[in-house]
């Protein structure tokens, strides 16, 4: 985890996740993407809580040649640009009856508690949907049921609470089901309903009599005004994102078309939509981290990041080369830093100027340096902190260096340098 502390000059921040801003109709513009570069993530499930967006994701293990997913990860942002990594709020060991497949889930809040619905593989065979419950959105989550909530061998739960307080859970691949959840959010009433997948409701899939409609998997329910939206991965394989609308949370559904065509390098996709600060945001995943160029448009930052309060090192808008890991001091640190790697923090408000920068670092090697640059990794140098070896990758010390020439609001780059061709140091805050 990484954070920064600046002193003011006067008294007084394998799959990869992407985000776009929804426009009128079925279009959107893309943000700085992917929003996570330090690990492989998939199946985004955002939720707004206390003025922040919390993004729950799946986690593809490095080097995986299949769906090797053992835990879920959590990120958050207050400006939709700089994202803090909170580590793993829940993993397969939460469910004593599960042995594999920490796949796409969704969290929802109710009655001052947080409910994280996830599909996992049962030790006895087959997929089932479990619920992790916590008093804190960042976890830890526990299995209060002690077994599956649903056991019909399906995946991809999405949960929605309507204006009248009734909660619904949809799920399924390649069929689609829903059930009404009780007030306690860990049980349900009535029977499970299978949605009739008609071509009027979900479009026509050509040349596939076994799957005549476009629906494939990954449903997501969203309401705007009086209209209900059902987004889903479609037209496998490779998948695109399509949607249907209806007058209620249970339909009937009318097919509306494509939101996003096939995204390269991944034959799967997974949609999500939230409203935050009067803007609608669309999340999805892709199979490739983009290189230079790539996306030419970006989302305007909602608010500037305050560098005069502690900001974790894993709070970033973009990074290159680095990874993240569990920190011995709690939370997450930025690790595997090599010469030429960098972290970008967007929209840092320096005000009338900063005089110093303090970082928490550790190194089992000879260390290196942190260059603070404005605008780009080769931009104006405003300070350099020297990092020496501390004897271990988790033996932490604080280093402080002077800063000059930083006023107003800028993108801040932490550019890492060192003479070693191996890892240099870890960066906590």
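Each Cβ is built from the backbone N, Cα and C atoms, and glycine gets one as well.
Just so you know, TrEMBL annotations are computer predictions that nobody has curated.
Listed in TrEMBL:
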ACT_SITE  43  active site, proton acceptor
ACT_SITE  217  active site, proton donor
DOMAIN    309-429  domain 'CBM6'
SIGNAL    1-31  signal peptide
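Taking each of the active-site residues 43, 217 in turn and counting other Cβ atoms within 10 Å of its Cβ gives the largest count for 43. DSSP assignment over the domain 'CBM6' (309-429) gives 0 helix, 68 strand, 53 coil.
Secondary structure from DSSP puts the residue listed as 'active site, proton acceptor' in a beta strand.
According to DSSP, the residue listed as 'active site, proton donor' sits within a strand segment.
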